[in-house]
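The next block holds one structure in the form of structure tokens; read it before the comments.
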Amino acid sequence: MDHVLNPEEKVSQTNSESGGADGAFQHVKGEHSSPKLSASEKSLPGNTKSPLKRKAAEPDSPPKRPRLEEGHGSLVVTHYNELPETGLEIRSQSRIFHLRNFNNWMKSALIGEFVEKVQQRTRNITVLDLGCGKGGDLLKWRKGGISKLVCTDIADVSVKQCEQRYKDMKRKSRNERIFEAEFLTSDSTKELLSEKYIDPEIKFDICSCQFVYHYSFETYEQADTMLRNACERLCPGGFFIGTTPDGFELVKRLEASDTNSFGNDVYTVTFEKKGKYPLFGCKYDFSLEEVVNVPEFLVYFPVLVEMAKKYQMKLIYKKTFREFFEEKVKNDEQKMLLKRMKALESYPAAPNTKLVSGRTEDYEHAQKMVENGQIKLPLGTLSKSEWDATSIYLLFAFEKQA
């Protein structure tokens with residue numbers, strides 16, 4: 001795989017055919033303009049003035065919160081607890097094998113970038129993995145040479161699997177020094193982690209929250225509690241990093257749809273209605289190939305930026321997956337990692353193998369590159385359906401101010 005098909009190359013070709021309406025990595029137009037909000041939706045419950053100004057000025061001690069209902073948290077727990085463990089052989093046969101690897105590569109590049117930043121001031125790195133799942137990022141932290149990792153998730157089965165993965169990794173490491181680890185089952189949208197740490201005074205250099213934070217936007221209280229858990233124990237100069245669906249992109253695609261749903265054969269997003277998008281509790285159902293629907297909530301990113309100021313957090317960047325990919329793929333080390341992780345599919349398919357998508361139109365962008373005759377084969381790409389699915393996400397990074 002000597003040439004990596006850049007999404008921008010794909011977009012430019014797709015746009016030339018479709019008039020630029022639906023490129024796989026198209027930017028949201030008018031990104032700084034908010035989705036349509038009713039007057040009542042521009043305020044949070046109990047506020048008579050701008051909620052964002054009020055939140056930024058709130059004291060460090062949180063206000064007394066009303067008792068929250070169970071909400072959708074139990075659905076999320078059930079969903080992730082019931083996901084079966086599958087081996088590499090089974091995963092490699094999946095329609096979204098390369099898509100999953102691509103998203104995993106994005107996390108690797110993001111985590112690696114900020115571990116390097118922290119290493120410039122300390123080698124004794126402590127990390128909070130907020131929404132650790134089954135431990136998919138353990139090897140990334142091992143590669144980063146961190147000293148301590150706290151893993152927490154709402155799903156108890158996932159936390160147990162994460163802990164077992166850690167024990168297996170440590171057992172196989174022989175003489176290699178492996179970071180210490182702590183495992184907590186907790187709903188980080190409703191419970192304070194600071195009351196559960198083994199070391200009550202622990203401080204973190206990095207909090208990583210991958211494909212999880214959007215679950216907290218069910219209510220302001222939940223989003224604020226999760227943000228507090230992510231940020232309140234960060235050292236000055238520490239980072240809160242993560243990946244989350246891009247609310248602007250989701251709304252743009254919904255508004256362009258004739259129904260309350262959009263997607264393709266890989267993913268589907270379904271909203272209850274269109275036209276009004278409250279700041280919190282804007283629920284939609286997201287389904288990915290081979291994965292049952294699970295409710296998620298729209299994240300209006302400017303609100304997150306304002307809320308983070310309460311915890312002395314400053315946004316240092318927000319990038320779409322397209323932007324981040326274009327930046328990182330220029331790095332030879334990241335490009336090699338992309339290949340090792342099988343994050344892109346080889347095109348044309350190798351002898352005696354098939355492309356993951358049977359639809360010819362899914363590879364029109366790659367075929368055009370081949371027809372140009374100016375690249376060395378095979379090239380690395382994703383099917384158009386997979387590019388469309390992964391392009392709903394963005395990456396973010398906040399820094400704790402002194």
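Numbers run from 1 along the shown chain.
Glycine too: its Cβ is placed from the backbone N, Cα and C atoms.
Secondary structure at ASN104 (mRNA binding site), as computed by DSSP, is helix. Within 10 Å of the C-beta of ASN104 (mRNA binding site) there are 17 other C-beta atoms, taking all protein chains into account. Feature annotation from Swiss-Prot assigns mRNA binding site to ASN103, ASN104; the stated evidence is sequence analysis.
In the shown protein chains, 19 other C-beta atoms lie within 10 A of the C-beta of LYS107 (S-adenosyl-L-methionine binding site). The annotation S-adenosyl-L-methionine binding site is assigned in Swiss-Prot to LYS107, GLY131, ASP153, ASP187, GLN210, TYR215.
What Swiss-Prot lists as compositional bias 'Basic and acidic residues' is 1-11 (among others).
Residues or ranges marked as compositional bias 'Polar residues' in Swiss-Prot: 35-50.
The feature compositional bias 'Basic and acidic residues' is assigned by Swiss-Prot to 55-72 (among others).
For the domain 'mRNA cap 0 methyltransferase' (94-401), the model's average pLDDT works out to 94. Here Swiss-Prot flags 94-401 as domain 'mRNA cap 0 methyltransferase', drawing on sequence analysis.
The annotation region 'Disordered' is assigned in Swiss-Prot to 1-75.
For LYS134 (site 'mRNA cap binding'), other Cβ atoms within 10 Å of its Cβ number 21. Feature annotation from Swiss-Prot assigns site 'mRNA cap binding' to LYS134 (among others).
A 10 Å cutoff on Cβ-Cβ distances gives LYS140 (site 'mRNA cap binding') a total of 21 other Cβ atoms nearby, all chains included. What Swiss-Prot lists as site 'mRNA cap binding' is LYS140 (among others).
Taken from Swiss-Prot, the feature site 'mRNA cap binding' applies to ARG165 (among others). Cβ neighbours of ARG165 (site 'mRNA cap binding') (same chain, under 8 Å, six or more residues apart in sequence): LYS134, GLY135, LEU138. Secondary structure at ARG165 (site 'mRNA cap binding'), as computed by DSSP, is helix.
Under the heading site 'mRNA cap binding', Swiss-Prot lists HIS214 (among others), citing sequence analysis as support. Around HIS214 (site 'mRNA cap binding'), a 10 Å sphere centred on its CB holds 23 further CB atoms from the protein chains shown.
Within 10 Å of the Cβ of GLU296 (site 'mRNA cap binding') there are 22 other Cβ atoms, across all protein chains. Look at Swiss-Prot and you will find GLU296 (among others) tagged as site 'mRNA cap binding', backed by sequence analysis.
Residues or ranges marked as site 'mRNA cap binding' by Swiss-Prot: TYR393 (among others). DSSP classifies TYR393 (site 'mRNA cap binding') as strand under the three-state reduction.
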Site diameter for S-adenosyl-L-methionine, Å, by largest Cα distance between LYS107, GLY131, ASP153, ASP187, GLN210, TYR215: 22
Cα proximity to HIS214 (site 'mRNA cap binding'), best match among binding-site residues ASN103, ASN104, GLY131: GLY131
From ASN103, ASP153, GLN210, the binding-site residues whose CA lies within 10 Å of that of GLU296 (site 'mRNA cap binding'): none
Cα-to-Cα gap, GLY131 (S-adenosyl-L-methionine binding site) vs ASN104 (mRNA binding site), nearest whole Å: 15
Length of the line joining the Cα atoms of ASP153 (S-adenosyl-L-methionine binding site) and LYS140 (site 'mRNA cap binding'), in Å: 18
Among TYR215, TYR393, the one of these recorded positions whose Cβ has the fewest neighbouring Cβ atoms within 10 Å: TYR393
